[in-house]
Protein chains: 6
Amino acid sequence: MMRIIFLLSLFFALSNASVQDFCVANLKRAETPAGYPCIRPIHVKPSDFVFSGLTPGNTTNIINAAVTPGFVAQYPALNGLGLSTARLDLAPKGVIPMHTHPGASEVLYVLDGSITAGFVSSANAVYVQTLKPGQVMIFPQGLLHFQINAGKSSAAAFVTFNSANPGLQILDFALFANNLPTDLVVGTTFLDATTVKKLKGVLGGTG
Amino acid sequence: MMRIIFLLSLFFALSNASVQDFCVANLKRAETPAGYPCIRPIHVKPSDFVFSGLTPGNTTNIINAAVTPGFVAQYPALNGLGLSTARLDLAPKGVIPMHTHPGASEVLYVLDGSITAGFVSSANAVYVQTLKPGQVMIFPQGLLHFQINAGKSSAAAFVTFNSANPGLQILDFALFANNLPTDLVVGTTFLDATTVKKLKGVLGGTG
Amino acid sequence: MMRIIFLLSLFFALSNASVQDFCVANLKRAETPAGYPCIRPIHVKPSDFVFSGLTPGNTTNIINAAVTPGFVAQYPALNGLGLSTARLDLAPKGVIPMHTHPGASEVLYVLDGSITAGFVSSANAVYVQTLKPGQVMIFPQGLLHFQINAGKSSAAAFVTFNSANPGLQILDFALFANNLPTDLVVGTTFLDATTVKKLKGVLGGTG
Amino acid sequence: MMRIIFLLSLFFALSNASVQDFCVANLKRAETPAGYPCIRPIHVKPSDFVFSGLTPGNTTNIINAAVTPGFVAQYPALNGLGLSTARLDLAPKGVIPMHTHPGASEVLYVLDGSITAGFVSSANAVYVQTLKPGQVMIFPQGLLHFQINAGKSSAAAFVTFNSANPGLQILDFALFANNLPTDLVVGTTFLDATTVKKLKGVLGGTG
Amino acid sequence: MMRIIFLLSLFFALSNASVQDFCVANLKRAETPAGYPCIRPIHVKPSDFVFSGLTPGNTTNIINAAVTPGFVAQYPALNGLGLSTARLDLAPKGVIPMHTHPGASEVLYVLDGSITAGFVSSANAVYVQTLKPGQVMIFPQGLLHFQINAGKSSAAAFVTFNSANPGLQILDFALFANNLPTDLVVGTTFLDATTVKKLKGVLGGTG
Amino acid sequence: MMRIIFLLSLFFALSNASVQDFCVANLKRAETPAGYPCIRPIHVKPSDFVFSGLTPGNTTNIINAAVTPGFVAQYPALNGLGLSTARLDLAPKGVIPMHTHPGASEVLYVLDGSITAGFVSSANAVYVQTLKPGQVMIFPQGLLHFQINAGKSSAAAFVTFNSANPGLQILDFALFANNLPTDLVVGTTFLDATTVKKLKGVLGGTG
């Protein structure tokens, strides 16, 4: 019995020293450049480390596709651990439009169906491949990339990023779904004003 | 025509400046602390970014399970991009034994079946959960964790790490499958010599 | 005299220990994820730390503008030091088209003239400002941004990045100046095929 | 006098710009993934940078050894500086049992006595050495390692880690000193239930 | 119309996931090792990303020079983005005295005049160069360096650092403008006490 | 027997995936910004992880002190592990003169005797303390600091840095032991030419 007490005293002394194996985000507190402040370890439950939100998304929309994120905002246990997740669903003809993740590289694992995915490098080279279930593709950080359904049935993928907060900039939304003035879009993309205004109309942009 | 030439001259000037969006590993060259030297971009093919090796592993073994890695050694395009992958297969009664990844946190996505997974923190707290297909669990860097088949049919998972080279230290192999002397194992684990020698026998260890 | 000898022996012992304040790139050797191998310190000259290549660029082109990079490929002393530079020249009506730097944030300092610059965030918000000489603007990593001449005379800017190799992806080149098939561009951007083919024609793209 | 005033005005302007050479932890505030918020520099005293807590530990316990940590929780000035410390005391027959530091590599300097130390790599190779006073050994991040008294008198060591919060996971505590169910321990370690239950008994575990 | 609604619902779902492209500092909150907590994105204005404070400094002082910082304390949008800025003004005979930046490398761009700049390496080698407008020089992290006006007219430079908070330690201030006791300065620099006391007098030091 | 074979096949498959727990430096190869290329794991011996070179240094010199480094050049196993070591010896009246480590913070542990140590911050504040055996002091990265023997007997300390290559810039050597012209030293330090020339004479400098 004394032995246990001696040993446990060692144990408590040591565990006292080791407070941050993880840092489950307290989303109510202000973020810092390294992520959110942690909730106290005593309030962390085993279920906090599990995320159940990557259910099939609703693809009844203009792109016949859905992105369901499991970033730190949805999955606070990711905070500080340098990883996040998402699920892609692509109905037939579904497209995840051209986009970038400013803060992370991405690995995509095909769950179902067939997906044509690609990215373009800084050197303007094109890397496009058509993937089957079980295949993996990596997209280097910050480069424009896309995924489209390459088959006749639905397709789905699980993706992970090496940041709890990878960001997501969808090209069409950046150009056409906000108040960036048409003349600035025209001037910086060489698209014509008619095209820009039409897409602003479709996507709810102004200016 | 002149316009194109002018523009392309701009293009070539710029692309010249941007040589490392990615760094596909030249595995024949000596590694550095940041990874392998890159093969020249001109030799990189679109298919290099795809990995097809995460096929179901052979589970006819003592653990009724298999780990199929997609680390930088198998998937050189990961080099320098801070991500790697693996597939876990668990036949009925299959177990991925207690292990750590010294250099990365891990996200696990259940593909099939039911998996009970868990880790223990530095503060000695236990975080165990049973997961269904589509659920995700995160394991913080360097902590002991395990996965076992929780159902009666086969189970499988796709895992990613936030390092191209996460490492993998399997507890039983570290203790019993090498030449670490029995008395050192006994002295540092409080296991008895009989148990240690028996497991060394099963796992091919000596000493 | 003995004192000097004793002291110098200390000095040489110590200097022996300190071999990497800097790592001037050996561009002939294969790059690694952390940059190029270093040339030996004994071969490094004071002038290696100076870059004289940021001279006014030729703006007689379709964009009436020029980007002159001082990245590691042009300025090898930057290697491993986490910084690089460029000069922007904008003739009247000049535009640096919409682009990203996948691997770095950017600070812009206006040298001459007036420049309207802007970026769009992941949350699709627009941040546009018109800048005078001596003003500074920062562009967060990986986000789409642009600069246009806001005045009637020439404008110029000096920019720095927090990476020796920030990358540069120009939107129009990524979409229209390579062999990315027209149907993939159409499918992932919602531009119409006529527009895509026209811009491919202007920019020398195929497919 | 005017000169001093001018110079001091320069000085205060400059010092204003340089607020974080260090970040002494405010342990009362919630931690972040990068460490604790700082106390204000004006409240930092010279003595904050000194730690006097590495006194010989009490080795009258089951392991005949003690670990005395100087991590951020004990030594708040370490916060954000990427270093921490500890003292090991080993009475005759003393053992620091098999353990890992999930978040740091470790350097050990032998102060007194003789210590046999070792670690096992991911490739299952064993690196064991017996050390005398003044010798140093390095243990790479996250790998299982141990230290035992190799002599007949007491031994002691000073260790440092390249993180203010390296973590500490003691194998026996992780397996036997908590509520991790016996069948999970058995299933994931190949130890037999009798051994597991016995060690749980000694170490105060349940389940 | 339905299309727009569907698409916008996608948009809001996604933008929800991407909260930290930038982290404009809330300077009223306690700093962390990674920088200040962020103000909420909704309160960030486009003008926050612009800094107008790099105006010519007052050089009517003992050094005939001025350093005007644009660090995170002056330019909160830099927080977490790994960059900061400053302006140097050197009247004829102006000198930016020997100093270091403990936390960043520096790039200097000459705006006007002629500047002789230099640094000394850990190996005690001297790297001095005289620069004209448009030339760039890089100073590796933490090394002693200086800038002096090399011409007869005023000179100015724009500098950037790869940290939002690079620090600035001016050698003479560190040695002579505080309460570091004269005997400690003498003992650790080999300067004679008369010299030390004289400079303490000029710079307002005590002790 | 079959079981062993099955298990070992698992083992070899896995160990194949985990090649870089450590990266012992091949000092004959060119360094990179992240350190030296690794020697092959098969050539790494247990003794490579031990460093025996921190023996008492020769203090019969002008400073009555010695610094014995255990940086990557002396201790190749440190490469990539983010730690290095040194031993300080101070005879009576011994002084480690004012210096900086451009690339690392430092922890000092007093082995013998009494040491007065101190550093000066960017904000020009002085942090000086006198330390006894067993006490620890931390010196933040890049700041000027010193150690002097505070007693009448010899003193010694063990120091560690959070970089395998911390650098070491000794103020007097940087100013007086090279060819930095006297007028530049005078101009950038406010020392008088007589003092500078005298110290250049003592320390072997020219110019």
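Note: Cβ is positioned from N, Cα and C throughout, glycine not excepted.
Automatic prediction, not curation, is the source of TrEMBL annotations.
What TrEMBL says about this one:
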- A:1-17: signal peptide (SIGNAL)
- A:CYS23-A:CYS38: disulfide bond (DISULFID)
- A:52-197: domain 'Cupin type-1' (DOMAIN)
- A:HIS99, A:HIS101, A:GLU106, A:HIS145: Mn(2+) binding site (BINDING)
- A:HIS101, A:GLU106: oxalate binding site (BINDING)
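Distribution of TrEMBL features across the structure.
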| residue | record | DSSP (3 states) |
| --- | --- | --- |
| A:CYS23 | disulfide bond | coil |
| A:CYS38 | disulfide bond | strand |
| A:HIS99 | Mn(2+) binding site | strand |
| A:GLU106 | Mn(2+) binding site | strand |
| A:HIS145 | Mn(2+) binding site | strand |
Excluding near sequence neighbours, so keeping only residues 6 or more apart in the same chain, what lies with its CB under 8 A of A:HIS99 (Mn(2+) binding site)? A:LEU144, A:HIS145, A:PHE146, A:LEU168, A:GLN169, A:ILE170, A:LEU171
Can you grab the distance from A:CYS23 (disulfide bond) over to A:GLU106 (Mn(2+) binding site)? Cα atoms, rounded to a whole Å. 22
In the chain carrying A:GLU106 (Mn(2+) binding site), residues 6 or more apart in sequence that have Cβ under 8 angstroms from it: A:ILE138, A:PHE139, A:HIS145, A:VAL159, A:THR160, A:PHE161, A:PRO166
Could you tell me the mean pLDDT the prediction assigns to the domain 'Cupin type-1' (A:52-197)? 96
Neighbourhood of the Mn(2+) site (A:HIS99, A:HIS101, A:GLU106, A:HIS145): other residues with Cβ within 8 Å of the Cβ centroid, in order? A:THR100, A:PHE119, A:PHE139, A:LEU143, A:LEU144, A:PRO166, A:LEU168
With every protein chain in view, what's the tally of Cβ atoms within 10 Å of the Cβ of A:CYS23 (disulfide bond), excluding that atom itself? 28
Residue counts in helix (H, G, I), strand (E, B) and coil for the domain 'Cupin type-1' (A:52-197), per DSSP? 22 helix, 56 strand, 68 coil
Please compare the binding-site residues A:HIS101, A:HIS145 by how many other CB atoms fall within 10 Å of each one's CB, and tell me which has the fewest. A:HIS145
Per the under 8 Å Cβ criterion, the binding-site residues A:HIS99, A:HIS101, A:GLU106, A:HIS145 that neighbour chain D are none
Cβ-Cβ neighbours of A:CYS38 (disulfide bond) (radius 10 Å): 23
Provide, as an integer number of angstrom, the distance between the C-alpha atoms of A:HIS101 (Mn(2+) binding site) and A:CYS38 (disulfide bond). 25
